[in-house]
């Protein structure tokens, strides 16, 4: 096939019959379906293994019995699995999927392979937004203790904070163009938001700090079923919305002007995509803390495995890969007998994310996209 | 094509320009523009830099609103069409580089079907036929499974044309499509456009800096003058009249009718004359060398006689006041130049 490339150019006025699609396309569909099947299996496996992990050992068989709704051998293991461990696992799964889909959208929106909610400071913006509300109100409990109204207030503030940083970063990215410069700008925005949080802490009544301290230490490990409902509903809505954005995002790969010429309402797609990224990263950050690099690495892995940039498959594949990454990282961080205490989640995700950033930088993809 | 064909694209009393900022007064670049592109016509949009080619093109494709007047697409005002409706009749290729990451040629071309697809974007049999047809028409069918990033500039340009053709447009607008192509690719590309205009029945409008291409290939030339006017007409009308000359020739330049292009005018004292004895192509290039040296090829009553024998390099022999002989055109030009008053350096370039 490749050797015929020059022949086509030589044949100025002759018409070349299009090779039939036939087997090649069918094989490709099979490959994609197989990959999704494999990712789903991986995800289910990660869920089971992660539920089984903990200070009280529960055999895999027992975990499976509880998860599939069969009679468990002991009521204790049933309680531990459903009330203590499953929320963490579901939260991790949703957070991973949300961040990965957000990252994939950002990479297209910013025309920047290094874009990701954590790297560009969007997560820090979410924390800043939430901090302002937490420190501004008198509540002392953690989110679920605040009551629904203030819980939604904090969540909304986190989303607003994420949206604010996104808008600033996108405004700068459209002007600068160079992905590496935008990367540095994003890191700076993150520092700036972090600095403002520190200032707020410094000037705040110590009584209120407890709430903030709990918030900023938030992780998938202490998510409750109540909080999970908020995460699940909002993430599900936005993830479904993202399916409708897949096709216009494909057009955006060609650039704004080409997308516009294809009948895409570029401003509306930008707005919807920015809004969904803000919700996805704002909510995850509010309830599970800032999880690093998943939004960056998962889409790259998805594109690499699928060998396409088509968002109709890249978005769902990124979601699955992001979920698997967070669950596996949580399993590794959760001790697994290697350490007595568990590691911060980000210490593990960095091992996936940092190499991807380095690979993108060193392979020159970042610069090429700027040109 | 018959005269009563409804124009695919039409500009009626169009004024085009831009606003530097919102609520600032508009800057009118072009006024009172009347144009009509009929189906199957290949139209070249030419004009000096800064005359308003891009402004006109952006206004014609609806990327910016007209300051006054109308752009009609298939008889309907462009401003009243939704972006999707517009995209089903009008396709463009732009100068900006495209980096789509990992995407096959076929996937890029399939993006051209977006104006016909639902939100979910399921591919219909019609979509597949259109994509296959577009790949063949643009001569990139063999590249369909290759990633776009692997292709040469010429191949990419064809893929972007295939993507535009997949939109099944009535009007195809190409912004300087040959700017980054070498001479051979440029000629291939031009041939392809001529063929596409005939086979697809689309009106093809392209902007170009290549005056020769515009005059030789186009059915119609739209000439954007530097004075805010746009003149439309057959290439011969514009070239024979003074429109092209007036627009493009500055100091030290003139329009060479034979070459259909602008040349540097030789305003130095007429050099000595020489009669060239050779035939066919050799004679043409010998006269080329003589002119380049600042001499004048002439008929019988010339001061000198230059005879040239075939060969690479050729053997030449000059008879007259400055007799000499040598091998190759380089030494001929050097010899002739040494016998003329030197030209100013800038007049000799080109």
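The backbone N, Cα and C atoms fix where each Cβ goes, glycine too.
Predicted automatically and left uncurated, TrEMBL annotations should be read as such.
Since we're looking at a predicted model, the values are computed, not measured.
Pulled from TrEMBL:
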TRANSMEM  A:29-52  transmembrane segment
TRANSMEM  A:86-106  transmembrane segment
TRANSMEM  A:118-140  transmembrane segment
TRANSMEM  A:152-173  transmembrane segment
TRANSMEM  A:179-203  transmembrane segment
TRANSMEM  A:224-249  transmembrane segment
TRANSMEM  A:269-301  transmembrane segment
TRANSMEM  A:313-333  transmembrane segment
TRANSMEM  A:345-362  transmembrane segment
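When Cβ-Cβ distances below 8 Å are used as the criterion, the transmembrane segment (A:269-301) is approached by residues 91-92, 94-96, 98-109, 113-119, 122-124, 126-127, 129-130, 143, 154-155, 158-163, 166-167, 170, 215-220, 223, 227, 230-231, 234-235, 238-239, 241-242, 245, 248-249, 252, 259, 314, 318-319, 321-322, 325-326, 345-346, 349-350, 352-354, 356-357, 359-360 of the same chain, each at least six residues removed from its ends. Sequence-distant residue pairs (6 or more apart) of the transmembrane segment (A:224-249) and the transmembrane segment (A:345-362) include fewer than 3 whose Cβ atoms are under 8 Å, leaving the two stretches without contact. Within its own chain, the transmembrane segment (A:29-52) is flanked in space by residues 58-60, 63-64, 67, 81, 85-86, 88-89, 92-93, 305-306, 313, 316-317, 320-321, 323-324, 327-328, 330-331, 334, which lie at least six positions past its ends and keep a Cβ under 8 Å from the stretch. Only residues 6 or more beyond the boundaries of the transmembrane segment (A:313-333), in the same chain, are considered here, and those with a CB under 8 A from a CB of the stretch are 32, 35-36, 39-40, 42-43, 46-47, 49-50, 53, 88-89, 92-101, 103-105, 220-221, 239, 242-243, 246, 291, 294-295, 297-299, 301-303, 305-306, 342-345, 347-349, 352. Through the fold, the transmembrane segment (A:86-106) approaches residues 43, 47, 50-51, 67, 112, 115-118, 120, 122, 166, 220-225, 227-228, 231-232, 235, 238-239, 242, 245, 249, 273, 276-277, 280-281, 283-284, 287-288, 291, 294-296, 298-299, 302, 311, 314-315, 318-327, 330 of its own chain, all at least 6 residues removed from its boundaries and within a Cβ separation under 8 Å.
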